[in-house]
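Following: one structure in structure tokens, then a few remarks.
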Amino acid sequence: MSDILQELLRVSEKAANIARACRQQEALFQLLIEEKKEGEKNKKFAVDFKTLADVLVQEVIKENMESKFPGLGKKIFGEESNEFTNDLGEKIIMRLCPTEEETVALLSKVLNGNKLASEALAKVVHQDVFFSDPALDSVEINIPQDILGIWVDPIDSTYQYIKGSADIKPNQGIFPSGLQCVTILIGVYDIQTGVPLMGVINQPFVSQDLHTLRWKGQCYWGLSYLGTNIHSLLPPISTRNNSETQSPVTQNPSSEGSHPFSAVISTSEKEAIRGALSRVCGERVFRAAGAGYKSLCVILGLVDIYIFSEDTTFKWDSCAAHAILRAMGGGMVDLKECLERNPDTGLDLPQLVYHVGNEGAAGVDRWANTGGLIAYRSEKQLETFLSRFLQHLAPVATHT
């Protein structure tokens with residue numbers, strides 16, 4: 001099934017092209033913002049936005065996967081509703097049409113007759129993209145298509161995408177905010193067990209050409225299925241021996257001194273969590289925007305841990321990174337359950353699963369990671385981190 005992963009890489013790059021195209025002209029971008037409908041509001045932001053770019057990306061991923069793998073399009077789920085209301089009060093269902101001309105006509109309805117904007121968007125949406133990773137060509141793995149479900153976050157960190165800051169300086173390689181924090185997340189999971197199997201994270205805005213102002217991106221992937229674990233951060237086969245499972249990039253960069261751990265957190269993280277972290281990690285606690293980007297910081301070995309105590313991340317935020325981390329020997333666990341678990345009883349770590357919604361919840365909250373999360377690259381390292389973290393965490397923090 002590496003052909004499915006190859007196609008996901010390709011559509012993620014197509015999606016990145018759309019995201020980049022929509023940022024190229026500020027005037028065009030201003031047209032593409034519509035406030036989210038009530039049932040889709042993510043309560044973390046007072047004002048949350050839906051962008052047409054978001055919806056287009058999601059629909060392009062669905063349509064492309066359906067055309068290559070019939071039946072799979074119906075099993076792709078995401079954050080965005082594809083329903084728009086234009087200035088005339090017309091409700092329009094946004095989808096990818098068979099021809100560029102038809103997509104132009106549909107976009108014109110959404111954009112209140114703005115033909116130039118509609119043509120520019122339709123062109124990039126229908127453009128062919130050739131993108132693959134030769135490392136996947138040699139992979140022979142057969143995962144039955146009928147057990148697969150896919151979570152998509154078409155543009156994670158919408159706020160940073162809309163804001164569009166291009167001049168933020170990184171702190172030890174980690175961007176606190178800015179376009180670098182924007183990611184496209186595609187996670188494949190087993191619909192029977194909820195276990196993440198494949199993940200693609202595309203970072204559309206990695207470096208900008210100062211002359212043309214055009215952006216270049218980067219794509220990361222991982223696959224973990226029945227003992228096969230491969231990911232894009234492995235060195236080329238010719239330069240590694242069989243016993244090596246991790247790239248030098250992913251080795252723990254923080255093993256010295258009394259603060260052997262590093263962590264990335266949200267700017268809105270609770271004080272109790274921040275306090276405990278500062279005692280475990282010292283100065284090595286970094287803040288960054290975007291759940292996808294913070295998870296990517298763990299994947300890249302920039303930090304050891306991403307910890308988030310609130311209930312405002314969702315299955316589409318975590319599935320892609322979780323699959324890649326599994327392929328690397330790590331994972332993503334429920335923070336609340338970790339804090340309540342007794343490690344002496346030998347209980348398994350409470351991994352996040354992706355096939356069941358939260359009972360009694362409505363709208364996006366059905367798919368929230370209600371207990372918060374911790375992303376990590378090494379299970380042994382996580383256990384050591386948790387034992388230290390719990391020592392410093394005020395008892396009240398485990399019940400909030």
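Keep in mind that glycine also has a Cβ here, set from the backbone N, Cα and C atoms.
According to TrEMBL, the Mg(2+) binding site annotation covers GLU79, ASP153, ILE155, ASP156, ASP317. Around the Cβ of ILE155 (Mg(2+) binding site), 29 further Cβ atoms fall within 10 Å across all displayed protein chains.
Positions annotated as compositional bias 'Polar residues' by TrEMBL: 241-257.
Here TrEMBL flags 241-261 as region 'Disordered'.
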With the Mg(2+) site defined by GLU79, ASP153, ILE155, ASP156, ASP317, which remaining residues of that chain have Cβ atoms positioned within 8 Å of the Cβ centroid?
-> GLY78, VAL152, PRO154, SER157, THR158, THR183, ILE184, LEU185, ALA291, GLY292, PHE314, TRP316
For ASP317 (Mg(2+) binding site), which residues in the same chain are close in space, meaning a Cβ under 8 Å from its Cβ, but six or more apart along the sequence?
-> ASP153, ASP156, LEU185, ALA291, GLY292, ASN369
